[in-house]
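A.B. asks: Attaching a single structure in structure tokens format; questions to follow.
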Amino acid sequence: MLILPIVKGEYKKDYNLKHLTWFKVGGNAEIFFKPLDREDLKSFLIQNKQKLPIKTFGAGSNIIIRDGGIEGVVIKLGQNFSNIEFIDNHLIVGSSCLNYNLAKFCQANAISGFEFLVGIPGTIGGGVAMNAGAYGSEFKDIIVQIEAIDFAGNFLTFTNEEIGFKYRSNNLPKNLIILKAVFKINKGDSENILLRMNEINNARSSTQPIKERTGGSTFANPAGRKSWELIDKVGLRGYRIGGASMSELHCNFMINNGDATAKDLEDLGDFVRQKVFEDSGVKLEWEIKRIGRHP
């Protein structure tokens, strides 16, 4: 019998996750949990005596939920984890804050260095987890430290060096939920910051399928190479499996054309990886997370 910890937040059983993802595909979460606050989250983790499997869920922008859904508990941090505040010449930002919202906040407060976030879908927590980056900047360039909680309910702090940022990854221990990030502040000019943000937005809209059901870059760039060039070289721009296709506009982006399943998307990605490897010997690494069970 499934026994759930007593919490102040909200549980939903057999909860459909499809509508929360940018791809609009996937199955249900066995249990969906939105904690009220950090103490509620801690209480849940401490009480999880059955060791129910745990997955965290952000903005749903860089993820494929498999069609068989997710066993155990999916935790989504809500608005109470999205605050932005100034403390001792640093920005303290909740992990569920959207990258775009932080970029706009920094522009309004003449803080430079965050312009690139306007072009990165998702949350601060997800950005830290994958060292998200674009247009010459990455999270590693602006982070001072993070606060997290492990699955045993212990609050932990990691400095930039301890996080061990790498290209689209880090060396953090597994089974962590990122709660806050501390950023350094560099003052700038609001108008110049806005100009740079507009440049980034214009570049995105002209080169990426941002109005489609997509999940951002599908594959990380191999060292010294561009994934899209390798994909284009094997003629897979626009290639389709089921309801999923590689974008005609940017062939490192997968698109749900309206009737794709998670299997269509994952099969398409694996097919692209196979063809690129056969042609160039390069193993493309997924940048999009795939979680859950196959049907």
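Keep in mind that glycine also has a Cβ here, set from the backbone N, Cα and C atoms.
Sharing the record's features from Swiss-Prot:
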- ARG168: active site (ACT_SITE)
- SER217: active site, proton donor (ACT_SITE)
- GLU287: active site (ACT_SITE)
- 24-188: domain 'FAD-binding PCMH-type' (DOMAIN)
A.B. asks: With DSSP assignments reduced to helix, strand and coil, which class does the residue listed as 'active site, proton donor' get?
C.D. replies: strand
A.B. asks: Return only the integer: C-alpha distance in Å from GLU287 (active site) to ARG168 (active site).
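C.D. replies: So the alpha carbons of GLU287 (active site) and ARG168 (active site) sit roughly 7 Å from each other.
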A.B. asks: If I restrict to non-local contacts, at least six residues apart, and a C-beta distance under 8 angstroms, what lies near SER217 (active site, proton donor) in its own chain?
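C.D. replies: Once residues fewer than 6 apart are set aside, SER217 (active site, proton donor) is near SER227, ASN252, PHE253, GLU287, ILE288.
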A.B. asks: Taking the Cβ of ARG168 (active site) as reference, which residues of that chain separated by at least 6 in sequence fall under 8 Å from it?
C.D. replies: MET130, ASN131, ALA132, GLY133, ALA220, GLU285, GLU287
A.B. asks: Taking DSSP three-state, what's ARG168 (active site) in: helix, strand or coil?
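C.D. replies: Assignment for ARG168 (active site) reads coil.
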